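Asks: The structure follows.
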Amino acid sequence: MAPPPPPKSRGATQKTDNAARIQFFSLLLALQYGAQPLISKRFVRREVIVTSSVLVCELAKVLCALFIMAKDGTLRKVYKEWTLVGALTASGLPAAIYALQNSLLQISYKNLDSLTFSMLNQTKIFFTAFFTYLILRQKQSIEQIGALFLLIVAAVLLSVGEGSSKGSSSSDADQILFYGIIPVLVASVLSGLASSLCQWASQVKKHSSYLMTIEMSIVGSVCLLASTFKSPDGEAMRQHGFFYGWTPLTLIPVMFNAFGGILVGLVTSHAGGVRKGFVIVSALLITALLQFVFDGKPPSLYCLVALPIVVSSISIYQKYPYVVKKKES
């Protein structure tokens, strides 16, 4: 009779559980991100003021995170250990960076054709890997760097497939450079920096992902509220009311988006910003599939070409992690 296999060590069991948790969170985020456009299209009327839906979404994220922390028993401990300096360091800076990044993307999108915008915008995946190495010393293998190249190619194909009809809004070279190319490149750098800072706060400083979600939602909401004093959305809310155009069904995509915000924090905390980039690109394929199933819109040629590229890049990235070379004695 063969002897029973030796029991797994505690460390190996924890590693396996963590890998399963990462896969689960990544799958949920891909499904949420992929389904969000279709859900929003069906349940959000055109009259709804964007700022109002974003603010309610941020509030929902805060309430969901508080509920989860209260349920798992960490809320009291986090409350006792919380400091303003720690919150601003861990969450305030990334939130402010993300707010600036979104503003730069809006400026750039108006002044670039879709192909140029998509190609430059996808460089954020590389900047995430760069800042992850710079801040966390997390290296990538040669195969993983190749997988990142493949992912960017797939992301560009998918983005162009969705917006190929958009042309450049200006033929002036200086305007394209200073209001198109430079803003999107700076936004990509900021995106990589903010994602790496969030990963640093959660993995090095052991800042709870739920607490970071709460803090970043509050900072982001304050910045958004401040912008309403001058923005068209602010004027619309003052004229028509905060919930103008809302129906009870509007809460469905708002809550779904809040759920995605919680998942983004969990994926970044457990897997890192680079893995989150793979999840987001994979979600574009899910969007194309859902559009075919529910809207009868067949996937574009770009999508069909991108599918095997995404699958290959994910497989290569997971199969060939960076291995620290042992020094010969």
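Note: Cβ is positioned from N, Cα and C throughout, glycine not excepted.
Unlike curated records, TrEMBL annotations are generated automatically.
Annotations for this protein, taken from TrEMBL, read as follows:
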| type | residues | note |
| --- | --- | --- |
| TRANSMEM | 48-70 | transmembrane segment |
| TRANSMEM | 82-99 | transmembrane segment |
| TRANSMEM | 119-136 | transmembrane segment |
| TRANSMEM | 145-164 | transmembrane segment |
| TRANSMEM | 176-198 | transmembrane segment |
| TRANSMEM | 210-229 | transmembrane segment |
| TRANSMEM | 241-265 | transmembrane segment |
| TRANSMEM | 277-293 | transmembrane segment |
| TRANSMEM | 299-317 | transmembrane segment |
Asks: State, in range form, which of 48-70, 82-99, 119-136, 210-229, 299-317 has the highest count of Cβ pairs under 8 Å to the transmembrane segment (145-164).
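Replies: The listed stretch sharing the most Cβ pairs with the transmembrane segment (145-164) is 299-317.
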Asks: Can the transmembrane segment (82-99) be said to touch the transmembrane segment (176-198) if we require at least 3 CB pairs below 8 Å and skip pairs under 6 apart in sequence?
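Replies: In contact, yes.
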Asks: Which listed stretch (48-70, 119-136, 210-229, 277-293, 299-317) has the most C-beta pairs under 8 A with the transmembrane segment (241-265)?
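Replies: Highest pair count goes to 48-70.
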Asks: Residues of the same chain, at least six outside the transmembrane segment (210-229), with any C-beta under 8 angstroms of its C-beta?
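Replies: Cβ under 8 Å, 6 or more out: 51, 54-55, 58-59, 61-62, 65-66, 68-69, 74, 78, 82, 87, 90-92, 94-96, 98-99, 198, 201-202, 237, 261-262, 265, 269.
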